[in-house]
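Engineer: Structure provided below as structure tokens; questions to follow.
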Amino acid sequence: MGQVIGFFQSLPNIINEALNIALICVALIAILKGIVNIWKSGLIQLFIFLILAGRSCSHTFQIGRNHEFQSITLNFTQFLGYAPSSCSVNNTHHYFRGPGNVSWGIELTLTNNSVINASNSLKVFTNIHHNITNCVQNIDEQDHLMKWLIETMHLQIMKPGKRLPPILCEKDKGLLIEYNLTNIASREEKHSEYWSQLLYGLSKLLGSSKSLWFDYCQRADCMMQEHSSHLKCNYSECSGHTTFKYLILQNTTWENHCEFNHLNTIHLLMSSTGQSFITRRLQAFLTWTLSDATGNDLPGGYCLEQWAIVWAGIKCFGNTAVAKCNQNHDSEFCDMLRLFDYNRNAIKSLNDQSQSRLNLLTNTINSLISDNLLMKNKLAEIMNIPYCNYTKFWYINDTRTGRHTLPQCWLISNGSYLNETKFRTQWLSESNALYTEMLTEDYDKRQGSTPLSLVDLCFWSTLFYVTTLFAHLVGFPTHRHILDGPCPKPHRLTKKGICSCGHFGIPGKPVRWVKRSR
């Protein structure tokens, strides 16, 4: 230790000697070069890998030199808070929660036991649109959302215009409605048909009814019907399929019966639009606009505020990536951005009136959300293949320039998100597409800022240089020499070996062509 201190104390005197300075430089260069060699050899990386193997994993990983795999998770706790939501506990108990912080909810139960005495009930037929709200007793008259929810559920479950059984409403019990599912007909075939219709309506209402009533069948014998082009299948050895006799709706308090799912809210809202829209698709006049919270143009892109994402902060997405939402409508991320932007800007003039918000969103969600994407993901969920729940999205980010791809939905399988290795081909393709897009954009930018005449001049000058370089390497003969004679310059000999000035006056001497003197 004393030698080291003495070395640093005598450092000024040492530097005074030129030889010592040279030795110090050589030592520093050797040490730095040795460290670089050790790093390039991979020895340090091997030790780091052995120490951290199985103990540490990074949530982000590099793709090549500059591209990084990243993700974002949307937070829906404050989104669509003015709309009811639904969830399912099992195949018999389902719940609808009121909007915001309200305490009321509606319990939907499938059972084989009746809870209403028909002699003390008021019959309300399904064909009458508004009579279902007469079943709501002792409920705050100002709470129109419950009546809206009841009407939506009623129209979705009991399709108007068909021969369906009446419903029973219990008096003096707040909300208690009973659907008799066995009164449609005595024949089992028609009851099964009605049961399938009911399940279809419930699945559209609840959204997440993947395996609540349906499972799989080991055999399905199908054959064409006589005098018809229809195919009839007889399923056997089926598991998990059952029917119930009664459907009960009753009011309840919300006690976190099950986990909230924002997709169920979207399904619920879109189920009511189905009563007025025959087909649902994105309208041609709707385009994605890049704007900030005040509605002004936002050339830099679109930013999700702190309330819209899981982690605290603001996440911005570039104009180049977000603008792709105008090119096609096959991105779940674009649909979520439209919903967030609509929720933040379009309803400010409604003075936070939940019913007005709900009515407006119900009428416009048809143009905000792609029903084709919802249907595709619902079919994927039913078929037990990875599907999108519109919550977590991944994208490729270029750490050098900040450019990134349009976020893609992180698919779910068996209740959990897929591992990154399961869709490796997809994010590698996105990375290559980002490289291609950046190179193309850089090429177009350079082409736009460079005059075409300058490009032509550069091309022809380069061609001229290559040609002259070839001529320089080959060389051309410049004058004649007399064999075995000195250079006759500045005289210029003819093929006979003479010069007109008379200096070389004897003709007939042999001559040869030579190149210019170097």
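Every residue gets a Cβ built from N, Cα and C, even glycine.
According to Swiss-Prot, the topological domain 'Extracellular' annotation covers 2-17, 59-456. Annotation comment: Swiss-Prot describes 34-58, 478-518 as topological domain 'Cytoplasmic', evidence class sequence analysis. Annotation comment: Swiss-Prot describes Cys57, His491, Cys499, Cys501 as Zn(2+) 1 binding site. The disulfide bond annotation in Swiss-Prot covers Cys87-Cys258, Cys303-Cys316, Cys325-Cys334, Cys388-Cys409, and the record cites sequence analysis as its basis. Annotation source Swiss-Prot lists N-linked glycosylation site at Asn90, Asn112, Asn127, Asn180, Asn251, Asn389, Asn397, Asn414, Asn419, citing sequence analysis.
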Engineer: How does the topological domain 'Cytoplasmic' (478-518) divide up by DSSP, counting helix, then strand, then coil residues?
Structural biologist: 0 helix, 10 strand, 31 coil
Engineer: Count the other Cβ atoms sitting within 10 Å of the Cβ of Cys87 (disulfide bond), across every protein chain shown.
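Structural biologist: The answer is 19.
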Engineer: If I take every residue in the topological domain 'Extracellular' (59-456) and average their pLDDT values, what number comes out?
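Structural biologist: On average, pLDDT over the topological domain 'Extracellular' (59-456) sits at 67.
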Engineer: Using Cα-Cα distances with a 10 Å cut-off, which of the recorded positions Asn112, Cys325, Cys334, Cys409, Asn414, Cys501 are near Asn389 (N-linked glycosylation site)?
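Structural biologist: Candidates kept after distance check: Cys409.
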Engineer: Per DSSP, Cys87 (disulfide bond) is which: helix, strand or coil?
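Structural biologist: Where Cys87 (disulfide bond) sits, the three-state DSSP reduction gives strand.
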Engineer: Where Asn251 (N-linked glycosylation site) and Asn180 (N-linked glycosylation site) are concerned, what is their Cα separation in Å, rounded?
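Structural biologist: A Cα-Cα distance of 18 Å.
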Engineer: Between the recorded positions Cys87, Asn90, Cys316, Cys334, which lies closest to Cys501 (Zn(2+) 1 binding site), Cα to Cα?
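Structural biologist: When the Cα distances are compared, Cys316 comes out closest.
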Engineer: Sort the recorded positions Asn112, Asn397, Cys409, His491, Cys499 by C-alpha distance from Cys325 (disulfide bond) and give me just the closest.
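Structural biologist: If we rank Asn112, Asn397, Cys409, His491, Cys499 by Cα distance to Cys325 (disulfide bond), first place goes to Cys409.
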Engineer: Taking only the Cα atoms, work out how far Asn419 (N-linked glycosylation site) lies from His491 (Zn(2+) 1 binding site), in Å, as a whole number.
Structural biologist: 87
Engineer: How many neighbouring Cβ atoms, not counting its own, are there within 10 Å of the Cβ of Asn419 (N-linked glycosylation site)?
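Structural biologist: I count 9 other Cβ atoms within 10 Å of it.
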Engineer: Counting only other Cβ atoms and using a 10 Å cut-off, which of the recorded positions Cys325, Cys499 scores lowest?
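Structural biologist: Fewest other Cβ atoms within 10 Å, among the recorded positions Cys325, Cys499, is found for Cys499.
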Engineer: For Cys499 (Zn(2+) 1 binding site), which of the recorded positions Cys87, Asn90, Cys316, Cys388 has the nearest Cα in space?
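Structural biologist: It is Cys316, whose Cα lies nearest.
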Engineer: Give the three-state DSSP assignment (helix, strand or coil) for Asn419 (N-linked glycosylation site).
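Structural biologist: DSSP assigns Asn419 (N-linked glycosylation site) to coil.
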